[in-house]
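Student: Mind looking over this structure? Questions follow.
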Amino acid sequence: MSCLLSRVAVCGGTHGNELSGVYLVRELQKTEKPLEEEDELVSVLVVLSNPRAVQQCRRYTETDLNRCFTHATLNGPESDKTPYEITRSRELNSLLGPKGSPEAVDLICDLHNTTANMGLCLIAYSDHDWICLHIFRYLQANIPVRYIHFDFPPKEAYSLESVGKHGFAIEIGPQPHGVVRSNIYTTMKAGVQHVMDWVRFFNSGTIFEGGSVEVYTMVKNIDYPRDSETHSITAAIHPQLQDQDFCLLHPNDPLFQTFSGETLRYKGKEPLYPFFINECAYYEKGIALSLARRKCVKMPPIQVKTELEHQENEWEFASEEDE
């Protein structure tokens, strides 16, 4: 049994040049219902996360907002020299959190684009959050989608969706930054609609049966080869690997092609699944691609708790405290 998902946030523009989420949030804000007309089972908050970066059509203005939601960053000191995005992360934490607290929104869906050929993905910090995994399986029945798991402790989870009790990023590509493509936007819009459909089915008491799903757990990142003195890259993603996100990369497969024409091969000891291949925004982060293991995760059935069951749990908790 799981608690009602009464408060859901849909966020876009966390990166100001990822335009599918920017335009979808603006569209949702146009049609956002007044509170008195909202679905009585769920209140949806639509948020433009980084308005200053959106205005400038840049990923960020001073520092990457989507790396500012760790416990340490949210609770650090603040001064007149604090970067805008750190200040904004704390505002969003106040609005949607506080992170890790009972007051946090029940579900955050944060919208992103990638230049990599990844299709539609959900990215989350848990491979046993049954809410997120059941939403993923529901999406799978309607549109092609993958689930990526970043294995970080909650306090070290650095992105916006970690502020909610449950949360994930919807990542979709390929789309150049600063550009909106109709097919990518439409797929993102459909994904968000399916998420909200699932939430309403769940809140109304629908039982979602157990089953299994495939999850890609991130193992490591690989940087580009670089000049030891200038630190400039000396190679690009190999043509045979480019655009092959989620296609198994075997040891000794071509990985990079140097600017002088030499092929550099993957030296790993096991086959892994590449993703975020040649992501434009990750050049500055020293990431040419990420690698993941794929596994099968079994899920239990899930159903919302009734108000009576919720009260009984609170009474049990209270009686345990009295003892």
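Numbering starts at 1 and runs along the chain as displayed.
Cβ from N, Cα, C; glycine included.
Automatic, uncurated: that is what TrEMBL annotation is.
From TrEMBL, for reference:
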- Glu171: active site, proton donor/acceptor (ACT_SITE)
- His15, Glu18, His112: Zn(2+) binding site (BINDING)
- 7-197: domain 'Succinylglutamate desuccinylase/Aspartoacylase catalytic' (DOMAIN)
- 212-293: domain 'AstE/AspA barrel-sandwich hybrid' (DOMAIN)
Student: For the recorded Zn(2+) site formed by His15, Glu18, His112, name the remaining residues of the chain with Cβ within 8 Å of the site's Cβ center, in chain order.
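Tutor: Those within range, site residues removed, are Gly12, Gly13, Thr14, Asn17, Gly21, Arg59, Asn66, Leu111, Asn113, Thr114, His177.
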Student: Quick one: mean pLDDT on the domain 'Succinylglutamate desuccinylase/Aspartoacylase catalytic' (7-197)?
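Tutor: Here the predicted model's pLDDT, averaged over the domain 'Succinylglutamate desuccinylase/Aspartoacylase catalytic' (7-197), is 95.
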Student: Looking only at Glu18, Glu171, the recorded positions on record, which one has the least crowded Cβ, with the fewest other Cβ atoms within 10 Å?
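Tutor: The recorded positions Glu18, Glu171 were compared, and Glu171 has the fewest Cβ atoms within 10 Å.
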Student: Within 10 Å of the Cβ of His112 (Zn(2+) binding site), how many other Cβ atoms can be counted across all chains shown?
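Tutor: Around His112 (Zn(2+) binding site), other Cβ atoms within 10 Å: 25.
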Student: What is the separation, in Å, between the Cα atoms of His15 (Zn(2+) binding site) and the residue listed as 'active site, proton donor/acceptor'?
Tutor: 12
Student: Express the distance between the Cα positions of the residue listed as 'active site, proton donor/acceptor' and His112 (Zn(2+) binding site) as a whole number of Å.
Tutor: 5
Student: If you draw a 10 Å sphere around the Cβ of His15 (Zn(2+) binding site), how many other Cβ atoms fall inside it, taking every protein chain shown into account?
Tutor: 26
